[in-house]
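Colleague: The structure is given below, and queries will be raised subsequently.
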Amino acid sequence: MADSKAKPAKAANKTPPKSPGDPARAAKRLSLESEGANEGATAAPELSALEEAFRRFAVHGDTRATGKEMHGKNWSKLCKDCHVIDGKNVTVTDVDIVFSKIKGKSCRTITFEQFQEALEELAKKRFKDKSSEEAVREVHRLIEGRAPVISGVTKAVSSPTVSRLTDTSKFTGSHKERFDQSGKGKGKAGRVDLVDESGYVPGYKHAGTYDQKVQGGK
């Protein structure tokens, strides 16, 4: 038998729809959220001139280097290029000893902090007549803003041996005959003795004019 009782109708949702709101208020909220995100983000610290120089030398010659650590070879180059090594108070040996002392036993590189410690060690030797703080500042001035010196550029070398082999005016014998006075090669004439069968004496100024004179006299 069918249920004669009518089921109660569901109550209509009387909650009014949310209004889109004020566009200006929404824009202000987004602006505040953006400012909060920017404040929360950590800004990249600005590098000092000393650390910039450290990174330039740290990546020199190594495409995989990050610039955060420096090998002994680049450490020695930095000390040489920046004139920390003066050959008197600080030598290459001093630089190597300090590097071995500062780096870890199982490490082959030094960090920027260790780099600063190494400079303090060398500063005592480099500027003996200054206080510790002044000596460190002087060493920093030698390095700040510097970059590796690129070597290996080919330069023209002037030596007696090279000049003797390249200056054609100094050639003797058969080699001299291969070039004219300007140094230009004569080609085949400079390599082979060509026989002049014209009948004229070599050096005769009027060579080749006999036929013209005979024909002109007729």
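Each residue, glycine too, has its Cβ placed from N, Cα and C.
The region 'Disordered' annotation in Swiss-Prot covers 1-46, 166-192. Per Swiss-Prot, the feature region 'Mediates interaction with LIMK1' maps to 1-115. Marked as phosphothreonine by Swiss-Prot: Thr15, Thr42, Thr91. The phosphoserine annotation in Swiss-Prot covers Ser19, Ser31, Ser34, Ser106, Ser158, Ser159. Taken from Swiss-Prot, the feature Zn(2+) binding site covers His60, His71, Cys79, Cys82. Per Swiss-Prot, the feature O-linked glycosylation site maps to Ser151; the stated evidence is experimental evidence. Residues annotated as compositional bias 'Basic and acidic residues' in Swiss-Prot: 174-183.
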Colleague: For His60 (Zn(2+) binding site), which residues in the same chain are close in space, meaning a Cβ under 8 Å from its Cβ, but six or more apart along the sequence?
Modeller: Asn74, Lys77, Pro148
Colleague: Within its own chain, what residues at least 6 apart in sequence put their Cβ under 8 Å from the Cβ of His71 (Zn(2+) binding site), listed in sequence order?
Modeller: Ala58, Asp62, Arg108, Thr109
Colleague: In Å, rounded, how far does the Cα of Ser151 (O-linked glycosylation site) sit from the Cα of Cys82 (Zn(2+) binding site)?
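Modeller: Cα-Cα distance, Ser151 (O-linked glycosylation site) to Cys82 (Zn(2+) binding site): 14 Å.
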Colleague: What is the one among the recorded positions Thr91, Ser106, Ser151 whose Cβ has the most other Cβ atoms less than or equal to 10 Å away?
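Modeller: Sorting the candidates by Cβ neighbours within 10 Å, the top entry is Thr91.
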Colleague: Sort out the sequence-distant neighbours of Cys79 (Zn(2+) binding site) for me: same chain, 6+ apart, CB within less than 8 Å of its CB, listed by position.
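Modeller: When sequence neighbours closer than 6 are ignored, Cys79 (Zn(2+) binding site) has Ile85, Val90, Val95, Leu122 within Cβ distance under 8 Å.
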Colleague: I need the CA-to-CA distance for Ser106 (phosphoserine) versus Thr91 (phosphothreonine), whole Å please.
Modeller: 25
Colleague: Measure from the Cβ of Cys82 (Zn(2+) binding site) and count the other Cβ atoms within 10 Å, all protein chains considered.
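Modeller: Result for Cys82 (Zn(2+) binding site): 20 other Cβ atoms within 10 Å.
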Colleague: Using Cα coordinates, what distance in whole Å links Cys82 (Zn(2+) binding site) and Thr91 (phosphothreonine)?
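Modeller: Approximately 13 Å lies between the Cα of Cys82 (Zn(2+) binding site) and that of Thr91 (phosphothreonine).
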Colleague: Return one of helix, strand or coil for Ser106 (phosphoserine), based on DSSP.
Modeller: coil
Colleague: For the region 'Mediates interaction with LIMK1' (1-115), what's the mean pLDDT in this predicted model?
Modeller: 78
